[in-house]
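Note sheet for the following structure.
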Amino acid sequence: MFKRETKDFINIDPLQTGGKLTEEARQALLEWGDGYSVCDFCTTGRLDEIKTPPIHDFIHNQLPKFLGCDVARVTNGAREAKFAVMHSLAKKDAWVVMDENCHYSSYVAAERAGLNIALVPKTDYPDYAITPENFAQTIEETKKRGEVVLALITYPDGNYGNLPDVKKIAKVCSEYDVPLLVNGAYAIGRMPVSLKEIGADFIVGSGHKSMAASGPIGVMGMKEEWAEIVLRRSEKYKNKEVELLGCTARGATIITLMASFPHVRERIKRWDEEVEKARRFAAEMEKLGIKQLGDNPHNHDLMFFHAEVLYEISKKAKGGRFFLYRELKSRKIHGIKPGLTRYFKLSTYGLSDEEVDYVLNAFKEIIEKYS
C-alpha cells in the first residue's frame, strides 16, 4: 500500500527535482521522525529557540546569512509565509499588486487576508514575461483605486520558469513606497538569491520544492524594520508570534531541512551548470519540433514546452492524450502529468548528463515510433 511506484524513476517533475532528500536528511528522518521529537528539549515554548537539535542556530544565524536578510523564520510552506506577510500588512479596502504569473497560492493567500488584488499583465506568447514597466504601470493605476500595502513578484514563476528583472522591479516598488515580497519557491535552494542584493523587503522559499527537505516546510526572510509587525507577539502568550500561530514546522520537516542544508548551501554554487544543462535540453527539444516557451535563452531548470508534434500524435495514438505519460512511464521517466501532450513543463535540476540524454532520446524514440 505504501510502496512508491516511481521511486527509482528519472524524475523531471519541477515540484520534486529540488526536493529530493540527501542521504543525511534520510538518516535524520529516521532519528527524529517521531511526532514532536525535535521538541524534546524545548524550554521556552518557541521552535526557533530550541538548541538541541540546533534549530536556534539554524534559524537565527545560518538561514539569515543564506537568504541575505536580517530576520528569518521557518513556516509550514511558502504559502503560509506569504499569508503571514499579507495578513500582517492588510488594511480595510487595501490592495496587493502581484504578477500575472503568480502561483495560485499567492492569490488565495491575498484573498484570505482580505486584500484586493491587482495583477501585473504578462507579455504575449511565447515569452510570457513580467516587465518592470508593466509593474510600474499597474502600481500607478492601482494607487488611484486605494492604498497598495504590498507587491509580490514570483521569481521564477512555476509555469514558465521565467526570471524577471527583480532588482528593477524592487526599485520600482521602492519609488512608489510599496514593500515588495519575492516568492522564491523555485529559486531558494537551487540558485544564489539574496534579499539584500535584490533590494526587496520580504523573501519566501520552499523547503520541499527546492531545499531537499520533506514537505511541507517554507522559509521566510525580511528586513529588520518589518519584524515587529510581521512577528508581533500574542497579548496573552507573550512568547508566541501570532502570524506563525506560535510554532510552525515541527518534526520531520525542520530536521530534514537542516540536515540537507550544508549540501544545499554548496549546490547553489553550481547553478551555472544547471542553467547550461537546461539550455542544452531545450535546444535538443527544439530540434524535435518541441518549442520551449518563456525566457529564451532560458535561465532556469524549470521549462515549459509547446509540442504540436505530440499533440497531433495524441489524436491518433492508442490511449489518446495519455499516450505520452504511458510511453515515458514504460521508460521509467516520471514527472509530466497524465493527459498532457500539447503543453507541459519539466525540470532537469539535479539530473546527470546521462539522464538528460536518456530523457531526450526517449522523446526522440516516441516521436519516431508514431511518425
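Heads up, the Cβ atoms here are built off N, Cα and C, so glycines get one too.
On a predicted model such as this, the values are computed, not experimentally measured, just so you know.
Swiss-Prot lists Ala78, Arg79, Ser206, Gly207, His208 as binding pyridoxal 5'-phosphate, and of Asn101, Asn183, Asn239 the one it places in that same site is Asn183. Swiss-Prot marks one residue of Lys65, Lys209, Lys315, Lys329 with the annotation N6-(pyridoxal phosphate)lysine, and that residue is Lys209.
A separation of roughly 12 Å, to the nearest angstrom, links the Cα atoms of Arg79 (pyridoxal 5'-phosphate binding site) and Lys209 (N6-(pyridoxal phosphate)lysine).
Counting only residues at least six positions away in the same chain, the Cβ atoms of Ser105, Asn183, Ala185, Val204, Gly205, Ser206, Lys209, Gly218, Val219 sit under 8 Å from the Cβ of Ala78 (pyridoxal 5'-phosphate binding site). Under DSSP, Asn183 (pyridoxal 5'-phosphate binding site) is assigned to a strand (E or B) in the three-state scheme. Its own atom aside, the Cβ of Gly207 (pyridoxal 5'-phosphate binding site) has 33 Cβ atoms within 10 angstroms in the protein chains shown. Cβ atoms within 8 Å of the centroid of the Cβ atoms of Ala78, Arg79, Asn183, Ser206, Gly207, His208 (the pyridoxal 5'-phosphate site) belong to the same-chain residues Gly77, Ala81, Ala185, Val204, Gly205, Lys209, Ser210, Pro216, Ile217, Gly218, Val219, site residues excluded. Comparing the recorded positions Arg79, His208, Lys209 by how many other C-beta atoms lie within 10 angstroms of each C-beta, the top residue is Lys209.
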